[in-house]
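See structure below.
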Amino acid sequence: MAKQDYYELLGISKGADEKEIKRAYKKLAMQYHPDRTKGDKAKEEKFKEIQEAYEVLGDKEKRAAYDQYGHAAFEQGGFGGGGFGGGFSGADFGDMFGDIFGDIFGGGGRSRQRVVRGEDLRYDLEISLEEAVKGTTKDIQINTLVHCDNCDGTGAEKGSKVETCPTCHGAGRVRRQQGFFVSESICPTCHGSGKKIEKPCHVCHGDGRIHKKESLSVKIPAGVDTGNQLRLAGKGAAGENGAPAGDLYVVIHVKEHHIFERDGNNLYCEVPISFSTAALGGEIEVPTLDGRVKLKIPAETQTGKLFRMRGKGVVSNRGYAGDLICRIVVETPVNLNSKQKELLKELEESLQGKGLSKHSPKSSGFLDGVKKFFDNLGKSDK
């Protein structure tokens with residue numbers, strides 16, 4: 001009878017990623033595990049097929065071979081390699097390779113228990129520009145895996161026996177030899193835990209971990225910017241079989257500010273000034289992140305003129321202070337009464353009479369004309 005397609009067997013698509021494959025395998029393995037289907041030969045056989053499918057699809061190289069050649073990739077002598085068997089019939093290459101790699105990495109391969117570090121988690125945090133510049137502390141909540149309190153992370157119901165898995169002898173993995181090649185896969189009996197639990201915990205169902213919403217306080221250092229990541233070691237998901245937890249990465253997103261635009265450690269803003277201040281000069285107040293400061297505006301200032309206020313930008317985590325760059329925007333007078341409009345026309349005629357361009361107010365008599373205009377403008381308001 002032809003073998004069932006591995007993807008169909010696990011109920012997944014051919015484009016499934018590693019997490020989807022693992023999730024499907026765990027679900028089916030729990031459903032068809034021999035401990036739950038005692039005496040049902042058909043389900044025991046189904047469990048073996050599920051295990052075989054996961055052994056292939058859970059390994060990148062094997063999966064690639066299966067996608068290209070199908071089941072033929074793993075049949076004895078597949079790829080025309082039948083000649084490998086001759087001359088090595090008395091050697092146990094599984095033991096040989098296990099001893100070699102066990103000596104290199106410490107400990108024999110048969111006694112190693114699968115210890116899987118918890119997954120790293122990501123949390124996207126939005127903060128204001130002021131918080132990014134000055135630093136702050138934020139309280140967040142994350143959905144994560146934590147060790148089960150009911151069984152203290154063992155996966156076993158209280159009072160239940162926990163024994164070494166008889167299949168893998170605590171290693172969590174088993175080796176299979178096909179001619180010259182040796183493959184290693186997760187133990188079908190203990191699913192990699194290396195343990196055989198008499199009665200699984202009713203809360204975590206033997207996993208030793210449960211999903212939980214955790215609250216954390218995150219300290220945001222001064223000077224952070226969008227895209228910066230803060231690593232909280234050990235605050236990720238709990239590991240399997242007592243393995244260390246993963247890390248939590250907090251990704252910073254700084255909200256747009258209604259006044260300032262940030263570029264590295266420099267801040268930019270537009271500063272509106274009156275027509276009279278632009279023409280005659282004066283002193284104005286401009287906003288900074290530390291409050292308002294005074295800025296002197298020279299006479300004949302045009303829209304687009306930039307003023308740099310050194311050290312008024314963002315202070316980096318190395319202590320370097322950026323600058324605040326102010327772009328001047330001259331506001332045109334609006335809602336003028338008839339008298340003011342008449343005076344403005346007189347000013348225009350006076351300037352043109354002196355041969356001045358509308359766009360180039362550069363003349364020794366320019367300021368005199370402007371001063372006279374604003375003097376008369378003030379009188380018209382009375």
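Even glycines carry a Cβ here, placed using N, Cα and C.
According to TrEMBL, the feature domain 'J' maps to 5-70.
Residues or ranges marked as zinc finger by TrEMBL: 135-213.
Residues in the domain 'CR-type' (135-213) partition by DSSP class (helix H, G, I; strand E, B; coil) as 0 helix, 37 strand, 42 coil. As annotated by TrEMBL, domain 'CR-type' applies to 135-213.
Positions annotated as repeat 'CXXCXGXG motif' by TrEMBL: 148-155 (among others). Summarised as a single figure, the pLDDT of the repeat 'CXXCXGXG motif' (148-155) averages 87.
The repeat 'CXXCXGXG motif' annotation in TrEMBL covers 165-172 (among others).
Tertiary neighbourhood of the repeat 'CXXCXGXG motif' (187-194): same-chain residues 26, 29, 34, 47-48, 51, 113-114, 116, 155, 164-168, 170-174, 240-241, selected by CB-CB distance under 8 Å and a gap of 6+ residues from either end. Residues annotated as repeat 'CXXCXGXG motif' in TrEMBL: 187-194 (among others).
What TrEMBL records for 201-208 (among others) is repeat 'CXXCXGXG motif'.
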